[in-house]
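Listed in TrEMBL for this protein:
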- A:12-31: transmembrane segment (TRANSMEM)
- A:65-92: transmembrane segment (TRANSMEM)
- A:69-256: domain 'ABC transmembrane type-1' (DOMAIN)
- A:104-124: transmembrane segment (TRANSMEM)
- A:130-154: transmembrane segment (TRANSMEM)
- A:190-215: transmembrane segment (TRANSMEM)
- A:235-256: transmembrane segment (TRANSMEM)
């Protein structure tokens, strides 16, 4: 496997194919967002076309996307911060005091289909007249991000030796003081991982916002879905909208690659 | 030794109380959230599944016992086809994603020049917003203006209806799922491969084992626990696939319900037709299917290792 010129050539070829297969559709999307609708229909202009930013103008100015971007940012930010505030101490307790059953309850959330929560939420929240507001949206996104934070942070705290906390307590810190001054600063990479993933999952969330958001609180994925409601699809505009939602998250993933990968594969090798 | 074995040296009453009870003080807010937003809704769904709740959420509902369950289980028009589509979708994407994911993970296993860039490429589909991904493939698979038909044309394959064909729509959504989520399997398996010890490989190499033999008799058995984790994680998500199906085919999984899986069906019953009772019944059955398949997978794992 390690030697052989033939294998090396095969490997290079296969890897090139993999990269092309993964990236070409995304490049195609961005390219289409820079074309006029006439050029999108013209196969001869697949790659050679004169780029235009008109689609982005349509999306940002006429279709009100600036509001949706702010909504998405706000919901993702609020749900991430709240999930970290609740999830990090909980994960600490569950890891240090081995609260297996409690952890299991929180992790069940990964298994339950979102729709089965949406039905009762919708019932209760519409009776409270909360549907369409930010509160419900943030709460619903926390349903995804809180278990994620607990899951990632439990793994992180499990791997963090207790000796440092103990020596801090010998030096006069209370247990909570030791958690705050010693464990938390040491956990920054774990918290970054959990936070970035929680943000990405909230930003990408579609189903909860589809039901629970209103005209004023609509997030980007729902706005994109609504884009196709009209008679003929404005492909250029649609691709510009899709690019607006996808590219920021891809840039974050690019910059924080290490954290994103470790979060996505958290606990995978423990079996 | 756990941290709580040390004496608490706090001075004020509250501080001492907080330190003594930190286990629950730390855990209870998150637990309360989970109970209120997750446990209660699940119980409520179970209750609704036994009522005739429909129409307005403020309308009166009556307890109908197991009637919904009898109706749903006897429904061969929408329910059973949705079950079959869910099984088909999950089975096919899992098989392809695990085999393809393993192949790509093996390609990436040993260091090479440009590795960093390949890893970036692998991450991109994973983090892309599923709804946007659905829209992107809608353009690519468009029968008239899409590039997909042109590309297969180069290989002499006749034009396909892709998402627009009643028979081909489900298969096309599988392709989209495979594009987006094979990278997830690659990442998990790669994490597993990197943590394998080198000795068995070296020993086999000295014994003259071929590449295939080393994979079949050493790497694969050692990797089985990680493979099962990948199958579990991907399987749960594949069963629950919603975003790309709804983004590409809309309500009811298209005009012929061609991509209507259980999740899409349950969503449609509740939010497109306001039949909350029936929807809850489908959800409870769906939930049992998920738990059942997870249990089958994990118990098999325990039996084998």
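Each position is counted from 1, following the chain as shown.
Placed from the backbone N, Cα and C atoms, the Cβ positions cover glycine too.
What you are looking at is a predicted structure, and each value in this text was computed from that prediction instead of being measured.
Count of Cβ pairs under 8 Å against the transmembrane segment (A:65-92): among A:104-124, A:190-215, A:235-256, the largest is for A:190-215.
Against the transmembrane segment (A:190-215), stretch A:130-154 has more CB pairs under 8 A than any other of A:12-31, A:130-154, A:235-256. Long-range contacts of the transmembrane segment (A:130-154) within its own chain (CB-CB distance under 8 A, at least 6 residues past either end) are made by residues 74-76, 78-80, 82-84, 86-88, 90-92, 94-95, 103, 106-107, 109-110, 114, 117-118, 121-122, 187, 190-191, 193-195, 197-198, 201-202, 205, 208-209, 211-217, 219, 263, 266-267.
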